[in-house]
Amino acid sequence: MKATTYAPFAKPLYVMVKPVGAVCNLACEYCYYLEKANLYKENPKHVMSDELLEKFIDEYINSQTMPQVLFTWHGGETLMRPLSFYKKAMELQKKYARGRTIDNCIQTNGTLLTDEWCEFFRENNWLVGVSIDGPQEFHDEYRKNKMGKPSFVKVMQGINLLKKHGVEWNAMAVVNDFNAEYPLDFYNFFKEIDCHYIQFAPIVERIVSHQDGRHLASLAEGKEGALADFSVSPEQWGNFLCTIFDEWVKEDVGKFFIQIFDSTLANWMGEQPGVCTMAKHCGHAGVMEFNGDVYSCDHFVFPEYKLGNIYSQTLVEMMHSERQHNFGTMKYQSLPTQCKECDFLFACNGECPKNRFSRTADGEPGLNYLCKGYYQYFQHVAPYMDFMKKELMNQQAPANIMKALKDGSLKIEY
């Protein structure tokens, strides 16, 4: 009889792969990763070798304690590697699978998608994440190529190819100072293009100059860096979430899946939220650069958060090191008193540590910059979440909330 698990109490080990490092055909103004190329100026080509690809795939699969293994390919722009690279990766995955089930997901800006790419993704059941920031006016505000030309038209051509070939895809949408002002235009766009799985990523960056040419601040650096102009404000973020939620809860529950709403309901239920930012602890998802360097997190690719290199340490040694364990547990331990006493701690968990550079009303450091927006959102959705939680506990569908709101059996009063 075949065992269904390799270590029943273990968690999967995740390391996201950067096969081209930070190399990209776009130059999005708010990109947090583009400047990471400055960390590797001594490398003439930021391209993962076939030798490293094989070493990583063998070790990554072998380090898993579960029967399912997920590979996540990230950039830079992942499609700047030729299709042959990913075909080779799949051959190696089969070679080293050792009976495990292998899944792949890939994040792309969508501009380089072709029929050939889409056929490959469909035939091999890859999940494709596409970066798109809403309608053309919003998307093209910051997502331009290196010549300063807008990218929306090419992205939509790519999305239409994914649809044509029946590829499973979802959207990663950055919420910034501009598109946050138009939440319903933003949300309705995704419904119009029939995108049923959407992740909102609020952009918050601070500017601190480095000698190597980088200009984005890490959490470990001074807290006084000036906020980047494109950053979404706490008030914008709260209003954005509440406005879209009000539309979604009346019309779209069970039809359109918005990650933050799903994660909020999971936390309301006492389940795992499925996204690191809203979990009590993080640190379970590392990232490996094109040369084998491993970092604590995709948003912490700074020298001070480098765990080592796969040529000198194993993935297990790095991802289960005391240093990485401390990185993950500090998400909770470093919360200020205001957070630990907050009614919505269970739902928020302080969000991502990278955004915790504000001070509380008492002057304590470590408050999330977006706290005010999140608090507004959680306070707003609480009665709806209570209803959906009750439905789930009675083995009923959360989507029943739409009927309850329409027939008046659920009345929300603030």
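Yeah, the Cβs are placed from backbone N, Cα and C, and that goes for glycine too.
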Binding-site annotation, Swiss-Prot, [4Fe-4S] cluster 2: partner of Cys276, Cys282, Cys352 in Cys297, Cys339, Cys342:
Cys297
In angstrom units, rounded to an integer, how far apart are the Cα atoms of Asp298 (active site, proton acceptor) and Cys28 ([4Fe-4S] cluster 1 binding site)?
17
Other same-chain residues whose Cβ falls within 8 Å of the Cβ centroid of Cys276, Cys282, Cys297, Cys352, the recorded [4Fe-4S] cluster 2 site, in sequence order:
Thr277, Ala279, Gly283, Ala285, His299, Lys331, Pro353, Lys354
Within 10 Å of the Cβ of Cys28 ([4Fe-4S] cluster 1 binding site), how many other Cβ atoms are there?
22
Between C-alpha atoms, which of these binding-site residues comes nearest to Cys31 ([4Fe-4S] cluster 1 binding site): Cys276, Cys297, Cys371?
Cys297
